[in-house]
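Listed features, source TrEMBL:
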DOMAIN    23-288  domain 'NADH:quinone oxidoreductase/Mrp antiporter transmembrane'
DOMAIN    290-343  domain 'NADH dehydrogenase subunit 2 C-terminal'
SIGNAL    1-18  signal peptide
TRANSMEM  57-76  transmembrane segment
TRANSMEM  96-115  transmembrane segment
TRANSMEM  152-171  transmembrane segment
TRANSMEM  178-196  transmembrane segment
TRANSMEM  202-222  transmembrane segment
TRANSMEM  234-254  transmembrane segment
TRANSMEM  274-294  transmembrane segment
TRANSMEM  326-349  transmembrane segment
Amino acid sequence: MSWHVLLIFFLSLGLGTTLTFASSHWLLAWMGLEINTLAIIPLMAKQHHPRAVEATTKYFLTQATAAAAILFASATNAWATGQWEISCLTDPTACTIAMTALALKIGLAPMHFWLPEVLQGVTLTTGLILSTWQKLAPFALILQVANNAHPHLLTALAVCSTLVGGWGGLNQTQLRKILAYSSIAHLGWMILVAQMAPQLTLLALITYIVMTAATFLTLIMVNSTKTITLASTWTKAPALSALTCLTLLSLGGLPPLTGFLPKWMILMEVTSQGFLLTATVIALTALLSLYFYLRLTYTMALTLSPHTSNSPAPWRVPTKLQTLPLSISITSATCLLPLAPTLLALVGWS
């Protein structure tokens, strides 16, 4: 694919997200989401492989269904209240439909079935875009709609997502599917406090994007898509392997890494609101996710002689990839916990 064409597609991605960010009208936000979807589809299908075409078709059908539901919800709200503004989504039925459609768009459980299959069928670079940039526009709408949504709906989506994200990744050997279930679990943490403390949802989204970007860039650097091929990473790039283990543990939420910060603050907020059972359940589901991160860490760092891997060792060819984005993302994914006092002061907690 020509770089001129790629530039047009990437500019369209930026345009769609920016249009959704800047819009206060449902039709403009819907147009931004559609531009986003139409711009990513050629990037997904550029391999001309049946698996990529299948993933692209699934993604298109899912996103088209979600967009149609969003348009229907906004039209229903306009019929009931006479308002097209996003902040005026006050009709209960329309708000529930819109929140469900946005959950389908980002892959919250139980509307998550498309996400692992789609990520498995595309390249690592396209998977990086799907897991990070494509979450921004729907979350901008979720943060505006969450105030009018039913709290039980948000809690049910959050708990279901953390459970599915933890259980689903346990028996996976494909790294893209593991990261898809990791995405589902993290989205559950974000949506839980979207109504109580939207600034924590934004913090969790930013840290998730940084950690996921670091993981995807590492997999692109070592050209690995299966768990078994990670075993030979240590002999090729020991420093990168050690930092990748820290990044995976940060995704799991272990202190003193960056990933512990949003989970800690979300649990503080949920318990301060009196939802002790919900806080206990999502804290326990984080252990499920931590298990498959530890399994990847074991494969990368501890699968050495005499516990050698059965996978053939790939050729060690010099890489031409830029390492600056990887360095910045890994540093951010592991070293930002000391900013916690500043963030606590900004949020207003003592």
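Placed from the backbone N, Cα and C atoms, the Cβ positions cover glycine too.
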Stretch-level contact, the transmembrane segment (96-115) and the transmembrane segment (274-294), CB cutoff 8 A, at least 3 pairs: no
Sequence-remote partners of the transmembrane segment (234-254) [C-beta within less than 8 Å, at least six residues beyond its ends]: 182, 186, 211-212, 214-215, 218, 221-222, 260, 263, 286, 289-290, 293-294, 296-297, 300-301, 304, 313, 316, 330, 333-334
Maximum Cβ pairs under 8 Å to the transmembrane segment (152-171) - stretch from the list 178-196, 202-222, 274-294, 326-349: 178-196
Same-chain residues near the transmembrane segment (178-196), Cβ under 8 Å, at least 6 residues beyond its ends: 103, 106-109, 112, 115-116, 118-120, 127, 131, 135, 139, 142-143, 146-147, 149, 151, 154-155, 157-166, 168-169, 172, 204-205, 208, 212, 215-216, 227, 251, 262-263, 266, 269-270, 273, 278, 282, 285-286, 289, 292-293, 296
Cβ-Cβ under 8 Å with the transmembrane segment (326-349): same-chain residues at least 6 beyond its ends: 197, 199-200, 203, 207, 210-211, 213-215, 217-218, 221, 243-244, 246-247, 250-251, 255-261, 264-265, 268
